[in-house]
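Chemist: One structure is given below, represented as structure tokens, and several questions about it will come after.
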Amino acid sequence: MQISKAALLASLAALVYAQPVTLFKRETNADKWRSQSIYQIVTDRFARTDGDTSASCNTEDRLYCGGSFQGIIKKLDYIKDMGFTAIWISPVVENIPDNTAYGYAYHGYWMKNIYKINENFGTADDLKSLAQELHDRDMLLMVDIVTNHYGSDGSGDSIDYSEYTPFNDQKYFHNYCLISNYDDQAQVQSCWEGDSSVALPDLRTEDSDVASVFNSWVKDFVGNYSIDGLRIDSAKHVDQGFFPDFVSASGVYSVGEVFQGDPAYTCPYQNYIPGVSNYPLYYPTTRFFKTTDSSSSELTQMISSVASSCSDPTLLTNFVENHDNERFASMTSDQSLISNAIAFVLLGDGIPVIYYGQEQGLSGKSDPNNREALWLSGYNKESDYYKLIAKANAARNAAVYQDSSYATSQLSVIFSNDHVIATKRGSVVSVFNNLGSSGSSDVTISNTGYSSGEDLVEVLTCSTVSGSSDLQVSIQGGQPQIFVPAKYASDICS
């Protein structure tokens, strides 16, 4: 019997909904994260303690390259000067030490002991110092964590569970079976990620003894290291009922990785975790901005779908690249398309996430090539993308400061044609396009909410225009445009 894609997705969503629903109580910490702009870091690849900017790092080798907590500390001003208010760092706990078929666990996702810090990145005191240095700059720390699995060099049928801490017995894990059908939610949650070369033993998070240990651990982990937020890896592979108590025990905003592009599947996870990675928006965003041949209709429809399907889109995290997906600059070399994609992430709904190296135009494709050593770029503050991000973040930060409702307001599309999208959030009107570097267009945008004669500033060029309900916009060279009331721009374009 043939089953339609729509019916299949509906059944998957039903499985998510079928769990006993415990709505997450959104605490003030989650409210605080709505106004943040996040810079994502793979610790091993961002900055070295010794400050060396020529140390080799061949991504294909998959070795530790020397990035550290102290290295991050030394480059915090590089991040803050782009306007970021928070960082998200890769997992910090001890991982398996083996040189596997896929190299070492420099990325942090192959756990061995949740109570120890990975010494390749520094000491526990170094991590505490990183949190303190961030807080001294009025910035927040988000740490990536794994609750779904541990790691093992080799096949899953020969695991020595006694090497793990604290889950040192097979009884804490699901029986070995590799996921063969990602459309089967029971398999997705109970079978194992990984393969016969590197197994990822899958924890029984539905068991109260496993959940109790994790809840106690996360409370201490967050408290000991002054962590402000958590990113939860592989969330769709974990029993949903595990999350409400776990998130409450942590006491901080958490965002779950639900690697699925259908909002009917992804959005219900907000019943269990306050934030979710916005994969439903990721796919149409990259498809629209990577080529001049795409129409905006898929993207505008998904903006509407996410707004209606997710209980709180302002707590989703938006992105166009990360450590699991190829860098956007590998999809196109057109600088205006890349600039539009970056600006769209920063000025859209939810919480923006920029992956380290986007500001330097790094262009690695999929893992491991999208995990380059940033120090080889020289941390150039004069790169076009660095300056674009700084101005777009400045516009967003000014809007958050000037308008107490900005962070909770939802994006609306106020104009679109095949190649141009104009959005409004609060008093910020942004115009994006996929015309390409040689493209130009004149458009009239209605329903801006601006008053006749109101002074506006386009922050990327610092040009002043006179506002009205109908805004005349001339797109040149395919560049994005961000309009704000003049009072927002006093520090941006002074």
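Cβ atoms here come from the backbone N, Cα and C positions, even for glycine.
Features from Swiss-Prot:
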SIGNAL    1-26  signal peptide
DISULFID  Cys57-Cys65  disulfide bond
BINDING   Trp110, His149, Arg231, Lys236, His237, Gly261, Asp324, Arg371  substrate binding site
BINDING   Asn148, Asp202, His237  Ca(2+) 1 binding site
DISULFID  Cys177-Cys191  disulfide bond
CARBOHYD  Asn224  N-linked glycosylation site
ACT_SITE  Asp233  active site, nucleophile
ACT_SITE  Glu257  active site, proton donor
DISULFID  Cys267-Cys310  disulfide bond
SITE      Asp324  site 'Transition state stabilizer'
DISULFID  Cys462-Cys493  disulfide bond
Chemist: For the C-alpha pair, I'd like the distance in angstrom between Cys310 (disulfide bond) and His149 (substrate binding site), rounded off.
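Modeler: Cys310 (disulfide bond) to His149 (substrate binding site), Cα-Cα distance: 27 Å.
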Chemist: Same-chain residues six or more away whose CB lies under 8 A from the CB of Cys493 (disulfide bond)?
Modeler: Val457, Val459, Cys462
Chemist: Have a look around Lys236 (substrate binding site) and count the other CB atoms within 10 A of its CB, chains all included.
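Modeler: Around the Cβ of Lys236 (substrate binding site), 22 other Cβ atoms lie within 10 Å.
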Chemist: Hey, of Trp110, Asn148, Asp202, Asp324, which of those binding-site residues are within 10 Å of Asp233 (active site, nucleophile), Cα to Cα?
Modeler: Asn148
Chemist: Among the recorded positions Asp202, Glu257, which residue has the fewest other Cβ atoms within 10 Å of its own Cβ?
Modeler: Glu257
Chemist: Spatially speaking, which of the recorded positions Cys65, Asn148, Asn224, Cys267 is closest to Asp324 (substrate binding site)? Use C-alpha to C-alpha, please.
Modeler: Asn148
Chemist: Which one, from the recorded positions Asp233, Asp324, has the smallest tally of other C-beta atoms lying within 10 Å of its C-beta?
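Modeler: Candidates: the recorded positions Asp233, Asp324. Fewest Cβ atoms within 10 Å: Asp324.
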Chemist: What is the set of residues, excluding Asn148, Asp202, His237, whose C-beta falls within 8 angstroms of the centroid of the C-beta atoms at the Ca(2+) 1 site?
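Modeler: Going along the sequence, the neighbours come out as His149, Gln189, Trp192, Glu193, Leu200, Leu203, Thr205, Ser234, Val238.
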Chemist: Tell me the Cα distance separating Cys65 (disulfide bond) from Arg231 (substrate binding site), rounded to the nearest angstrom.
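Modeler: Pair distance, Cα basis, whole Å: 23 Å.
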Chemist: Do any of Cys57, Cys65, Cys177, Lys236 (recorded positions) have a CA within 10 A of Asn148 (Ca(2+) 1 binding site), and if so which?
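Modeler: Neighbours among recorded positions, in sequence order: Lys236.
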Chemist: Using a 10 Å cut-off between Cα atoms, which of these recorded positions sit near the residue listed as 'active site, proton donor': Asn224, Lys236, Cys267?
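Modeler: For the residue listed as 'active site, proton donor', the recorded positions whose Cα atoms are within 10 Å come to Lys236.
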Chemist: Would you mind checking how many other C-beta atoms are within 10 angstroms of the C-beta on Cys191 (disulfide bond)?
Modeler: 20
Chemist: Give the distance between the Cα atoms of Cys191 (disulfide bond) and Trp110 (substrate binding site), rounded to the nearest whole Å.
Modeler: 16
Chemist: Tell me which of the disulfide-bonded residues Cys57, Cys177 sits in the most Cβ-dense spot, judged by other Cβ atoms within 10 Å.
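Modeler: Counting every other Cβ within 10 Å of each candidate, the maximum falls on Cys57.
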